[in-house]
Amino acid sequence: MSTPTTPHAPHAQHTPYSVRAEGLRKRYGDKRALDGFDLAVRAGTVHGLLGPNGAGKTTAVRVLATLVRLDGGSATVAGIDVAADPRGVRRRIGLAGQYAAVDEILSGRQNLEMFGRLFHLGGRRARLRAAELLERFDLVAAADLTAGDYSGGMRRRLDLAASMILAPDVLFLDEPTTGLDPRGRGEVWDSVRALVAGGTTVLLTTQYLDEADKLASRITVIDQGRAIADDTPDGLKSTVGGDRLEVVAADPADLAAVTEAVARVADADAAPERDMAERRVHAPVTDRVAALTEVARALQDQGVTVEDIGLRRPSLDDVFLRLTGHGAGPSRTEPASEPGTGGGTEAVEVAA
Amino acid sequence: MSTVDLSAGPVRGRFHWAVADCLNVVRRDLTHYRRRPSYIAWQLGFPIISVLLYGYVFGGAMKPPGGEGGGSYLDFLMPGMFVMTMAFGFMNTATTVVSDASKGVIDRFRSMPMAPSAVVAGRGVTDLVVACAELTILVATALVMGWRSNGGFGATVGAFGLLLLLRFSLIWVGVWLGLLLPSPEAAGSLFAVAFPFTMISSIFVPPATMPGWLGTIAAWNPISSTGTAARDLFGYPMPGGTGWIEQHAGLMALLWPLAITAVFLPLAVRRFQNLSR
């Protein structure tokens, strides 16, 4: 991907961070949408910004994309200060997702050509770039159909293509898969991975934990306008105690024996937890495989019948619950469908 | 990965890009009408049906005010219909702006390195172009029905100029409302306000025939001044109005739109700038 070279604002190569935010503050009336929010996104990575509805994710993205002015704090994007040179920032970013739409009356091609001209590419280069992006985002077959008739996944891909017209250094994706069916979600994920392979830095907001887990190499958890955790997905999971060994006894009478066996392999400072109703005993373990084999052998020797035994890695849901004291928004089984974005299942799939 | 040169083109001034971006927004907006010609039909539907209803259904029974000069009700009605079409235009502006704002198109424009003024200015230019098209279609309908301008060429052009001036001033009302309203559905309900607003005027009947207080309101309605001035210029002056406002319709047809622009243009611009609050 070629990097646009502009006469103004030298590219900040000396810092490994593409996005830096310190102490961002933004209030709407009495509500503090951002309340001292910090963020550092390494160049060339996908960084997840994870939080429930109303946590401040979208406000953070709108501030960094120069759509909203800050009340306090400072931020640089691609090395440029968002408050001092918003136009310079706009030349280097792309914005896609929830609140940056494509034109529903124009065709896909007309959309990309129009945005290309408004990115000051001129008519000829705008046409060439549109053709290139249609190919790259697998929209050639639907290029001349009305964008409003696209499926949810196709529309988000067109949205991504429009945000990639200048091959920006930094791409903001605001809940890019909200309201999409699994197929549409997979299409968007593939596109994001391809962009990052091409060198783009992506800041991805999501309320879906598995999305952050799959795409992001680092995750910032935001709640009530503040970053409450910042780590790798694995690092975050280990904050809730790492892997756990879990045994379900067939007979409640064996629970004492099971607890004893699990306690022998559990981490030194952690006693096994017991759930009588489900006949379940679990405890954090460090040497996972050894612990599993030892407990299995011990219980077999004692003649205890086990209904289930296994190792369980904590999910990001556990992390979220631990960090915020509440869940992470809508569950994956009932994705929140967004009015106006067109559910992928209802829209007609036009692409081959 | 791109084979297209994406570097910035030759350095040009802010003004160059403000104009170029504005024209590109106009091109986009006009492409909408090319892809959906029915939009124009919808916008013109009400005035054309009104022209046919009032012209043919009521036309025979209605005596034109001041009709001693041989004018028909159609001669009285048509300038009013032109004014009504221009006046209703603010709803089209509001509807398209609120649709772009609620769907995120305006946010995408604002996240791009284009001139921010182009978003609003482009809408304004488009609406004037569309208003010209609407007037052309309406005039053609009127000519078919037998309406003719009695004024000279200059006066006739002047009358259309006043009509477009009114439409121009209402663009800013529409942009302001479009950025204020929460949804396109809310913009649809503007008709409930716009319809009485155009009825309480001199468009269909002379205010002198209304109860005194209502007649005064109707006479001071900005669109009455444009209507009266246009009738004068088309050569079918409407007698009966003795108030100051009716005696100075030509002047007020200029002053009212300028006043509306002076109030609503800054309001619309402020509202646009406040999007980044």
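Our numbering is plain: 1 for the first residue shown, then up by one each step along the chain.
Glycine is no exception: its Cβ is also placed from the backbone N, Cα and C atoms.
Look at TrEMBL and you will find B:38-275 tagged as domain 'ABC transmembrane type-2'.
If you look up TrEMBL, you'll see B:39-57 (among others) marked as transmembrane segment. Using a Cβ-Cβ cut-off under 8 Å and counting only residues 6 or more beyond its ends in the same chain, the transmembrane segment (B:39-57) has close neighbours at 32-33, 73-74, 77-78, 81, 84-85, 88-89, 92, 130, 133-134, 137-138, 141-142, 145, 204.
Taken from TrEMBL, the feature transmembrane segment covers B:77-99 (among others). Only residues 6 or more beyond the boundaries of the transmembrane segment (B:77-99), in the same chain, are considered here, and those with a CB under 8 A from a CB of the stretch are 29, 43-44, 46-47, 50-51, 54-55, 59, 106, 123, 127, 130-131, 134-135, 138-139, 142, 147, 159-160, 163-164, 166-167, 170-171, 173-175, 177-179, 181-184, 186-188, 190-191, 194, 197-198, 202-204, 223, 226-227, 230-231, 234, 236.
According to TrEMBL, the transmembrane segment annotation covers B:120-147 (among others).
For B:153-179 (among others), the entry in TrEMBL reads transmembrane segment.
Same-chain neighbours of the transmembrane segment (B:186-205): 54, 65, 77, 80-81, 83-84, 87-88, 90-91, 94-95, 98-99, 177-178, 214, 217-219, 221, 223-224, 227-228, 238, 241, counting only residues six or more beyond its ends whose CB sits under 8 Å from a CB of the stretch. Among the features that TrEMBL reports, transmembrane segment is placed at B:186-205 (among others).
The transmembrane segment annotation in TrEMBL covers B:249-269 (among others).
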Intrachain residues whose Cβ lies under 8 Å of the transmembrane segment (B:249-269), provided they are six or more past its termini: 120, 162, 165-166, 168-170, 172-173, 175-176, 179, 222, 224-226, 228-230, 232, 241
